[in-house]
Amino acid sequence: MTWDEVFELLAVGFQETAWMVGVSALLTAVGGLLVGVLLVLTDSGGLLAARPVNAVLGLIVNVGRSLPFIILLVAIIPFTRAVVGTTIGTDAAIVPLTVGAIPFFARIVEAALREVPADVVAASVAMGATRRQIVGKVLLREALPALIAGLTITVIAIIGYSAMAGTVGGGGLGDLAIRYGYQRFETEVMIATVVALVVFVQLVQMVGDVLVRRLSHR
Amino acid sequence: MIEIRGLRKTYRSRKQSVNAVDNVDLTVGEGEVYGVLGQSGAGKSTLLRCVNMLERPDTGTVAVDGVELTALGGKRLRIARHGIGMIHQHFALLSSRTVAGNVAFALEVTGAPRAERRARVAELLELVGLSGRADAYPSQLSGGQKQRVGIARALAARPKVLLSDEATSALDPETTDSILRLLLDLNRRLGLTILLITHEMTVVKRICTSAAVMRDGKFVESGRVADLLRRDSELARDLFPLDGPSSVDGSAVLDVTVSGDDADKPLLAEVARRFDTDVRILAGHVETLAATRAGRWRIAVPTAASEDAADFLRKSGAQVGVAS
């Protein structure tokens, strides 16, 4: 295989990975934020304290966290089919990627929100702030640097997961590395893929770090 | 301005229950600076948090400016809270907002329009002496400056009452002094009623007109500082600790407490002159408190004259006790 051919493959693989990771990261950010905020609010002593809701939510998150991604991928095939109508391809991979990453990010969100000092929240309550104001202007805003740092970690984890999505025909860089690099002994493809993944992860981390530095005033 | 009746708050865990606040009554008049003094764990923090319902009392009532907060919930409680400012030991500022942003937050909460917020923020920063630092972030400020932001924020919605939760405990003595001066100034200029909790004697000395000593969830004593000094009170002993010897051969050792104008009268000289005796001062203070002048001495008077001396001092308005 010539290097031109390798680059062509790589370009396609990179596009597929970027699409899978981009869409899943977006959905995960929204879903994880929602679940994380609910975990904090419903905890005993929280602003919407509700033990049973908190316990059930925590259990669901833990189940999601305890399944190895490769198993989750297969286990939710019926769900994936119901959502996107197929179980093969990049779009199909987005479903398990999102389902797998939401619990992961939700716990990160929960930890980040708990880092907001209790007296800052109490001060807002004492001022007569509404729950919506406290969540939006205090909890999320104060935790924003930690949330961005957490999202960076999550996106990089999703890039890792996305390589496994290749095994169900998900496409992307990981798929490329396995089909060409491993199964067909195309060392050039393997090396190129590894380099591409390293660069991709590096870029994501850099963007995350810059954002965190800009936003943090602690 | 603040009326607390029969307040109780108990924390229960599986093993034990703690009466954090145990049947406390408290009245703070308009324009008063009321200090609750106590060791950590005495329940004073819980008491303060019950005033604006950060903690719900188990029983009892709390009324601020004639509104019974214990009967309120939801929106009405939130609106009532706009009328009660609060400052905190560790300042509790938003690290993501500038000084101006922190003060503005208190106005956003009340729903003030943007233009009004801007003008009011400038006015408040002027009031606390931070006009030049509007765009600084809290992490760039000193402790004293942070507390000034806290005070500006607490006053944003023009409350009549300010609750202070150990507001100077994290500050060095000099900064404590400047913050106390600011609070006293606000009390006088705005007629602001202040209820504060502290474990520092200086705070009570410098700014409190009334005080209570709290222990194990109960008020051990309470009243106007000047009145408490006129009695054999724990507060007097705590404010003016006397560490001189408690016995001297051939003499009676007396602890004398005076307040108001009496503090500046030549009482001890008068004793010496009148009973033709020696008076030795073993320990003593005379200080200017927020609302009164006050002094306390430990003196040794030869036994022969001690009865007469004690009688005379009592008649002159002093509180006299035998040293122990």
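Keep in mind that glycine also has a Cβ here, set from the backbone N, Cα and C atoms.
Just so you know, TrEMBL annotations never went through curation; they're auto-generated.
For A:14-208, the entry in TrEMBL reads domain 'ABC transmembrane type-1'.
With a threshold of 8 Å between CB atoms, the same-chain residues lying at least 6 positions outside the transmembrane segment (A:20-41) that come near it are 47-49, 53-54, 57-58, 61, 90, 93-94, 97-98, 101-110, 112-114, 131, 135, 139-140, 147, 151, 154-155, 158-159, 162, 165, 170-172. Taken from TrEMBL, the feature transmembrane segment applies to A:20-41 (among others).
Sequence annotations record features per position, and here TrEMBL assigns transmembrane segment to A:53-77 (among others). Long-range contacts of the transmembrane segment (A:53-77) within the same chain, counting only residues at least 6 positions beyond its ends with a Cβ under 8 Å from a Cβ of the stretch, are 35, 38-39, 42-44, 46, 87, 95-96, 99-100, 102-104, 106-107, 161, 164-165, 167-168.
Here TrEMBL flags A:83-106 (among others) as transmembrane segment.
Non-local neighbours of the transmembrane segment (A:146-169) in the same chain are 17, 20-21, 24-25, 28-29, 32-33, 69-70, 73-74, 87-90, 92-93, 96-97, 100-101, 104-105, 108-109, 111-112, 115, 140, 175-179, 197, 200-201, 204-205, 207-209, 211-212, 215; each lies 6+ residues outside the stretch with a CB under 8 Å from one of its CB atoms. Sequence annotations record features per position, and here TrEMBL assigns transmembrane segment to A:146-169 (among others).
Taken from TrEMBL, the feature transmembrane segment applies to A:189-212 (among others).
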